[in-house]
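K.L.:
From TrEMBL, here are the annotated features:
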type    : residues                                                                                                               : note
BINDING : C:ARG48, C:ARG54                                                                                                       : NADP(+) binding site
BINDING : C:ARG125, C:SER126, C:SER127, C:ASN238, C:ALA239, C:GLY278, C:LYS293, C:PRO294, C:THR295, C:SER296, C:SER297, C:ARG319 : FMN binding site
There are 4 protein chains.
Amino acid sequence: MSHNTFGKILCVTTFGESHGPAIGCVIDGCPPGIAITAEDFRHDLDRRATGKSRHTSQRHEEDAVEILSGVFEGKTTGTALALLIRNTDARSKDYGNIAETFRPAHADYTYWHKYGIRDHRGGGRSSARETTMRVAAGVIAKKWLHEHFGISVRGYLAQIGPHTPAAFDWSVVEDNAFFWPDAAMVATLESYMDALRKSGDSIGARVNVVANNVPPGWGEPIYGKLDAELAAALMSINAVKGVEIGAGFESVAQHGSQHRDEMTPQGFLSNHAGGILGGISSGQDVCVSIALKPTSSLRLPGRGVNLAGEATEVITTGRHDPCVGIRATPIAEAMVALVLMDQALRHRAQCGDVGVMSPLISASVAGAKPE
Amino acid sequence: MSHNTFGKILCVTTFGESHGPAIGCVIDGCPPGIAITAEDFRHDLDRRATGKSRHTSQRHEEDAVEILSGVFEGKTTGTALALLIRNTDARSKDYGNIAETFRPAHADYTYWHKYGIRDHRGGGRSSARETTMRVAAGVIAKKWLHEHFGISVRGYLAQIGPHTPAAFDWSVVEDNAFFWPDAAMVATLESYMDALRKSGDSIGARVNVVANNVPPGWGEPIYGKLDAELAAALMSINAVKGVEIGAGFESVAQHGSQHRDEMTPQGFLSNHAGGILGGISSGQDVCVSIALKPTSSLRLPGRGVNLAGEATEVITTGRHDPCVGIRATPIAEAMVALVLMDQALRHRAQCGDVGVMSPLISASVAGAKPE
Amino acid sequence: MSHNTFGKILCVTTFGESHGPAIGCVIDGCPPGIAITAEDFRHDLDRRATGKSRHTSQRHEEDAVEILSGVFEGKTTGTALALLIRNTDARSKDYGNIAETFRPAHADYTYWHKYGIRDHRGGGRSSARETTMRVAAGVIAKKWLHEHFGISVRGYLAQIGPHTPAAFDWSVVEDNAFFWPDAAMVATLESYMDALRKSGDSIGARVNVVANNVPPGWGEPIYGKLDAELAAALMSINAVKGVEIGAGFESVAQHGSQHRDEMTPQGFLSNHAGGILGGISSGQDVCVSIALKPTSSLRLPGRGVNLAGEATEVITTGRHDPCVGIRATPIAEAMVALVLMDQALRHRAQCGDVGVMSPLISASVAGAKPE
Amino acid sequence: MSHNTFGKILCVTTFGESHGPAIGCVIDGCPPGIAITAEDFRHDLDRRATGKSRHTSQRHEEDAVEILSGVFEGKTTGTALALLIRNTDARSKDYGNIAETFRPAHADYTYWHKYGIRDHRGGGRSSARETTMRVAAGVIAKKWLHEHFGISVRGYLAQIGPHTPAAFDWSVVEDNAFFWPDAAMVATLESYMDALRKSGDSIGARVNVVANNVPPGWGEPIYGKLDAELAAALMSINAVKGVEIGAGFESVAQHGSQHRDEMTPQGFLSNHAGGILGGISSGQDVCVSIALKPTSSLRLPGRGVNLAGEATEVITTGRHDPCVGIRATPIAEAMVALVLMDQALRHRAQCGDVGVMSPLISASVAGAKPE
């Protein structure tokens, strides 16, 4: 029940601080025989990495993964799989000037109250640097889900400040720095972000993730619900303030006759449920959406207090993303993949072979359209 | 890691189906010495119960709690505390006509794919009847939190369909059948609900819960975050499709300079964070908000399929709430209270006496106003 | 992680005190489709029950099991399976005279220090009455293991005081009140026990349990070892003071050339390992042995202290077994069965279908002889 | 619930194989503020290390611990504490000749059946190399237990083959290569071991561990019993085949009048219980004893089978201890310390400050004599 561990059968334990010597993780319960090399982590770590465009933080991390255990002759052995990444670009001195000051809306205030310890170096354990290992672990989950069930777990940016996509095309999402599904808007977003960066301010974002081909029957009743675990997994990502499944908060103003996804022999007629009924997958696309707050590390001065409780002015000069939500896309995908794989293994534990019961009806009449 | 169990130190395991002989729960890890009697459960169970007004389902459950163990001479002993409620108003025959039919947006479809078992009686284990035991367990958590920290965990209905409160007054919330904070609107809501019931349709709702006086320092980093566990706890409630902490999805369009809750020696200047920073309580009010979908059990016919995969028309004639969100208020309170107490005990485990470090600054300049 | 819960996938949570209104359990994670009725619990509960012969306690419990949930039309549904037994023969007054006195070698002293609560009624939660529910849960595990793998989990009394069996025959174990494998010695044991009862004293015992047909591959490395979990499961039974796997403490004086179980294409040549290597089953019989202390509830006066810390003389006049070890036989079987089933499900979670890899060599050249 | 993780509040997750690049661990839930440096691990790692005398394996590991996270300015921060040790003396080639052969009484046979993967390098994950990290984690637990409660957790070798100590003196245990409490016998043991090594055979051993000053009240009823968790912790150590608490298997032939530890205002009159009643510490010394089998890695040829199921002759030429039990002493201490600290934190979670209730009577009239 350790709080640095995620999952029940597939358990990921992470460690490391943003400005310590290294970060890493231990992946436990991984099925044997999955082909994996250090290179396999590259793609998603790059997608998450800072420094890929001028729109994200200018820190440069190599993020070279070393596999310490659990893989033998290129395949998982079923035993503890450990990954290590050395921190190579941690400039603690950037943070020296705020050693005595609590920054508004930062975790340093609450960690200090909890532990009585103040690690002022860039957030210490609370830094989003930790999410690197979530992405790494997610690589294995994505691979396994795809190989066994043809599942793809894909995310995109669905809103940034006032901007929402006017069109939707999966094929362009990976072609721009914003994971944006509308190619025509990319130039607009670039201008928007440039202006934002100049202003010294930051902005929130919404990320959507869709998993297709999830068989019906994954998820556990009551407290092990698929949606409950997705909610926890996604809310545990730095800066997330809200989680929706399917229609989410739109449900509040919907009538039952509108919200209920009617069923026909040809498939479901809609997917307001987001692919989950009673906490268990229905065979439709699993659709989640998250809200990410704007970072509070700004060049604009803000009111804070110091360790003596006195008023101070805080200006953050470290390298920070003006929109942390962009980079959250592969992190959210990773968390969704980890939840799905863990639930798949748990389903297999209780009920035997996963996906043994074919869906009674096909996923959707209208095709896998993200909510 | 059983899926019928909630919590890590304070563990609540529930059992029972809506149309079986009884429902119950086992509360494990409860501190010794808490005064508790069967009567203490009455108030919140009544708040949750059906049949209290014409606006909720007309099922009548007595919900008389029997304490089977864990209490001796009126006090908790520290050992397994078991509660039992006999089902007294389960008319299975109401469901006979849908024994062969999957209802749209119901869990019967997914349970059947998961388990290969069809318990057609009113949802079986997936029924909201289970939440009765959440409320019962929550009574103990609320009591403990209030006695030890002066914490109150209070909820109210923040939206029902198109209606939102025009005013806010905690003191009227318990005086109407809707947990509505604006007394002047109650007549309007009654008309709205009467029309809805007549139409045979249902509507969604939003419930807010606020916990005040939570000391700074509760919650665990990374995967044991207070907000992550609140998200799971709330999303696990029947019909919930979205969870927000603090500003929630409003954060998406906020600038950092607006969202960050600045700090002064006199207190925080706002509470967009919802009382949680880095997954740990800040000393401000903990504010959560949930979206509840409209029930799919309607008198309006809908398209479904039967066990043979053939098209059917489904009409639900059982007794069902036109707005399940109303009754969710005490359930959401209970889940928030259980999460808080569990985290309080876990904090005590790792860090010693809870609340030993006084808040550096007071909770809020503006007072405990729900987000 | 509740302490009233046992198992990881198959989770058994028990509740109830010896002198409260009822005892019960919730079985979580049980596969769906297992045929089970209230009658199925009868046989093993009778084997465990007091009052079956004059050699065990003269309390009379009906132990009538009520299935509260988790079974529909005679089959497990996959959801929480709850069992309840009302206590019908709890005479608290028998214990009134020791309300203020700590009995030597009893849990009342340590419970009082832990919880600050004194429930003097026959041990309260620490009573062996709790093991009734272990046996009940074990019935389901035994049934599942036998139906899926042909596994039998059988126990016998291997020593009582100075007496050990001179011969071994499984077929007579169930034919005498001692679970004794040597029919010729039963009369001797009866005389021995009669004399013991007359003397007011008690005696320890050793129980062996053997599970045959366990496929190779069950158990998890490091901290989830099959033998480690058997050790915990067995040591958690009231009065157990020692656990052995295979050769157990005889290993201390063995040479490696003697202890190692050599392998031939025809099978293993011995089973000092007790069927477990590196924490994982080998395909040989799984053999465990436990030591049970003599009960401390004696008619012979002993020195104790009262709540004021003053010296007292304690005589126990309640109904107690002169050898609690006898009744432990079905309890130990149940715990072994529960561990095996839980590990089988966990193996299926990580590695897919259980028993898919046939044993490379047959279990044993010599046949399944208990160690 | 990962099987590479140990503990409930204080959670230790280990990783690494004997012949991989490194081993390590993550310690979660550790209280903040414990002073710790890499040097603190030296003493116990040396006690466990191979190569310290000619009586243990001639592998040479530096075992230099690197602290990767969780310590800031010399103190634990309360967040994930990670330790890493690079493997510097792993000669895989020593094992090349047995790549195709299952060694008798080795885990390679069972791992292969479980995972379908064969890592032939010295046992891979099943190697006792993993216990290095247990000892490292135990260092922190020992330190915390001693600083907060004055608890010492000390072990000694209580038997090796036919030899048992004729005298007992704690002060000499650390002065000889055998952790032997009888200085006069050390020369005898050296001769015995030399002869054993020459013969190519190995021998079993018994290790006792005693923890003094444990406050009454630690441990949890039913399935979280202190003795049950000690049993699992100790049985999970490589080569352990039996665990005893207090009188252990001697209880089988004891009468109740003899076994029960009578209480007087001056203290307990004996300690057959091993300091645990009803699964909860009594305030007496906690006394455990374990049996370790002789290693099966012998120069004496034994019968095995190869991957094709054919008969082979196996001779182990790698470097192995003739008595693995000797080195188990600090490992067993570490496991006892980890269990105690975890239980202490759990007790604090449920019941508040540990040790708040003073023992009613003193630990023992006779003083802390190991059972």
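For all residues, glycine too, the Cβ spot is worked out from N, Cα and C.
Whatever TrEMBL says is automated annotation, not expert-curated.
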K.L.:
Between the Cα atoms of C:SER127 (FMN binding site) and C:ARG48 (NADP(+) binding site), find the distance and write it as a whole number of Å.
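P.N.:
Rounded to the nearest whole number, the Cα-Cα distance is 14 Å.
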K.L.:
Non-local Cβ contacts of C:ARG125 (FMN binding site) (under 8 Å, 6 or more apart, same chain)?
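P.N.:
The answer is C:GLY16, C:GLU17, C:TYR111, C:ASP119.
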K.L.:
Taking C:SER127, C:THR295, C:SER297 as the binding-site residues to compare, which has the smallest set of other Cβ atoms within 10 Å?
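P.N.:
Across C:SER127, C:THR295, C:SER297, these binding-site residues, the one with fewest Cβ atoms within 10 Å is C:SER127.
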K.L.:
I want to check the contact list for C:ARG48 (NADP(+) binding site): same chain, sequence separation of six or more, C-beta distance under 8 angstroms. What comes out?
P.N.:
C:THR131, C:THR132, C:VAL135, C:ARG327, C:PRO330, C:ILE331
K.L.:
Sort out for me which one of C:ALA239, C:LYS293 has the most neighbouring CB atoms within 10 A, since those are the binding-site residues we care about.
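P.N.:
That would be C:LYS293, with the most Cβ atoms nearby.
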K.L.:
Mind sorting out which of the binding-site residues C:ARG48, C:ARG125, C:LYS293, C:THR295, C:SER297 are close to chain B, meaning Cβ under 8 Å from one of its Cβ atoms?
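P.N.:
Listed binding-site residues passing the 8 Å Cβ cut to B: C:ARG125.
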K.L.:
Quick one: what's DSSP say for C:ARG125 (FMN binding site), helix, strand or coil?
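P.N.:
Going by the DSSP assignment, C:ARG125 (FMN binding site) falls within a helical segment, counted as helix.
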K.L.:
Specify the secondary structure state of C:LYS293 (FMN binding site) as given by DSSP, simplified to three classes.
P.N.:
coil
